[in-house]
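Enquirer: Below you will find the structure I want to go over with you.
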């Protein structure tokens, strides 16, 4: 099966965890988009749910396929958050934010009773870091913030480039107006330590390390079979 078909397989399995009346966190990215489309079909057939989307694009897609959406201001507590990931490491540690929605994705995950990840087997890794870590930063003081990130990384034994994400000739902006640094550090063996260190840097708004948020992952294998990974207590 190709990558797109595997995304659909994982998304379809995730629907089995959705119950009538649930308040859903709805993620962003190509795999989450497949889930949204399938969820729209279920809603058309009588399923009653309401969702909080993690990006403008996801919210627009929900509306297009008939999935009711609201905000965390209206529903501050969610039953289940379903989202994709760029990397799935040991014990459900994640790198997310390749699409730029990391801040909203983490807020929604934290507001949910459970976070369920959907992905294909290529996203499962032994050590995080092959995928560049997105770091959302304030536009003010970019060079100072980058220098602080690089200094912190060096102190933790991490090496690699920290580059400003671009959108054509201009810096990429998130839905909330932040810029993103992509940190190519190779291997991240202590994600919790790195997470804490990043949050100590003024100018860092959020980062794509998700530690302790996801409880399980639905993994579509190359042959179309499903594997469920769960966080250890």
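For all residues, glycine too, the Cβ spot is worked out from N, Cα and C.
The following feature annotations were taken from Swiss-Prot:
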ACT_SITE  105  active site, proton acceptor
BINDING   28, 29, 30, 31, 83, 84, 85, 86, 96, 97, 98, 99, 123  substrate binding site
Enquirer: Fill in the CA-CA distance, residue 123 (substrate binding site) to the residue listed as 'active site, proton acceptor', as an integer in Å.
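Expert: Distance (Cα to Cα, whole Å): 18 Å.
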Enquirer: Other than 28, 29, 30, 31, 83, 84, 85, 86, 96, 97, 98, 99, 123 themselves, what residues in this chain have Cβ atoms within 8 Å of the centroid of the substrate site's Cβ atoms?
Expert: 27, 32, 105, 119
Enquirer: Between residue 85 (substrate binding site) and the residue listed as 'active site, proton acceptor', find the distance joining the two CA atoms and give it rounded to the nearest Å.
Expert: 10
Enquirer: Least buried of the binding-site residues 96, 123, going by other Cβ atoms within 10 Å?
Expert: 123
Enquirer: Over the residue list 28, 29, 30, 31, 83, 84, 85, 86, 96, 97, 98, 99, 123, recorded for substrate, what is the maximum interresidue Cα distance in Å?
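Expert: The widest Cα-Cα gap among those binding residues is 16 Å.
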Enquirer: Between residue 105 (active site, proton acceptor) and residue 83 (substrate binding site), what C-alpha distance do you get in Å?
Expert: 8
Enquirer: Where does residue 83 (substrate binding site) sit in DSSP terms: helix, strand, or coil?
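Expert: The three-state answer is strand.
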Enquirer: When DSSP is mapped onto helix/strand/coil, what comes out for residue 28 (substrate binding site)?
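Expert: Once the DSSP labels are grouped into three classes, residue 28 (substrate binding site) ends up as coil.
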